[in-house]
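**Q** Please read through the structure below; I'll follow up with questions.
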Amino acid sequence: MLKTIIKRVLQIIPMLFIISIISFALIKLAPGDPVNSFVTPDMNPDDVERIRQSLGLDQPIYVQYFIWLGNLLQGNLGYSIVNSQPVLQQILERIPATLGLVGTSLVLTLLLSIPLGLVAANYENTWIDKLLNGISYIGISIPIFWFGMILIDVFSIQLGWLPSLGMRTIGVDSFWDMAEHAILPVITLTFQGCAAYYRYVRSNTINQLKEEYVLFGYAKGLSKVQIMGHHVLKNSLLPVITLLGMSLPQVITGAFITESIFSWPGMGSLGINAIFQLDYPVIMAITLFSALLLIIGNLLADLAYMIVDPRIREMG
């Protein structure tokens, strides 16, 4: 197991290197010019060119990349083209908000989808199963941005129960105020994630209930609770761990969209603003941090799989 962990950790550096090359090329080749945001009608071409030179945008793409890479290796992510603030500082300020949103929604997704999937599988084709299936179809089908807008309209605008923008009320610094602001974004992320995980758990549990070891357990006199808790649950969770690793890109993407909808001050809202403003250093930094989160998340999912299933640990 230790050998596998070391091997996977060593793979992170070349993976990030390849991702950085591809991302840098795509960003630079995208239409638009960040210099245009500094240009005024009375500015002459020489002034525009000086701005381009000061930003290092007059160099060939490969030269710009190696300059950026050299700064990165020194722990310098550069400065924002838009506000001249250190990019690393902006990222570090917003990571906690994103991780808090994603982490909370993932925990709630697992806490809700696993028991609901088990219940639906045990009562297959009953009204409970059909009701949960119907709700899950809605969760899978509805776009996350649309669901977020519905929640804002109902609970914030129509009923006035919950705030819809930001992470805190201006002038208020309390945990409960932040929790109140987080309710709608967390529900938005959790609802869609729970729908997908629920269907996965339900399907796997139904298949497990048809296995011979379940019939053997009943023959030995084990109760349904014992069979479900000690055998079926464990085997049903293995594919869920795999799904957790595979779905991380969708989770991160969903979080970024959700942050934009609710003006949640995380990496997503920062990244979307940077894309519209063509703030290359910020876009590159968020791309790398997102890739790193995905790689680490997949590594943790693999480790969890090894812990749950000793056979995988022995193979590793």
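Quick reminder: no glycine exception, Cβ is built from N, Cα and C everywhere.
Any TrEMBL annotation is an automated prediction that lacks curation.
Take a look at what TrEMBL says about it:
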- 95-301: domain 'ABC transmembrane type-1' (DOMAIN)
- 12-30: transmembrane segment (TRANSMEM)
- 99-123: transmembrane segment (TRANSMEM)
- 135-162: transmembrane segment (TRANSMEM)
- 182-200: transmembrane segment (TRANSMEM)
- 237-262: transmembrane segment (TRANSMEM)
- 282-308: transmembrane segment (TRANSMEM)
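Quick one: how deep are these features, and who are their neighbours?
**A** Tertiary proximity for the transmembrane segment (99-123) is limited to same-chain residues at least six positions away from its ends with a CB under 8 Å from its CB atoms, namely 129, 132-133, 182, 185-186, 189-190, 193-202, 204-206, 209, 224, 228, 232-233, 236-237, 240, 244, 251-252, 255, 258-259, 264, 266.
Only residues 6 or more beyond the boundaries of the transmembrane segment (135-162), in the same chain, are considered here, and those with a CB under 8 A from a CB of the stretch are 180-181, 183-185, 187-189, 191-192, 194-196, 198-199, 254, 257-258, 261-262.
Beyond its flanks by at least six residues, the transmembrane segment (182-200) meets 100-102, 104-106, 108-110, 112-114, 116-117, 120, 132-133, 135-140, 142, 144, 147-148, 151-152, 155-156, 162-164, 167, 239-240, 243, 247, 251, 254-255, 258-259, 261-262, 264 of its own chain at Cβ-Cβ distances under 8 Å.
Proximity of distant same-chain residues to the transmembrane segment (282-308), defined by a Cβ-Cβ separation under 8 Å and at least 6 residues beyond the stretch ends, is recorded for 1, 4-5, 8-9, 12, 15-16, 19-20, 23-24, 27, 68, 77-78, 80-82, 87-88, 90-91, 95, 234, 237-238, 241-242, 244-245, 248-249, 252, 267, 270-271, 274-275, 316.
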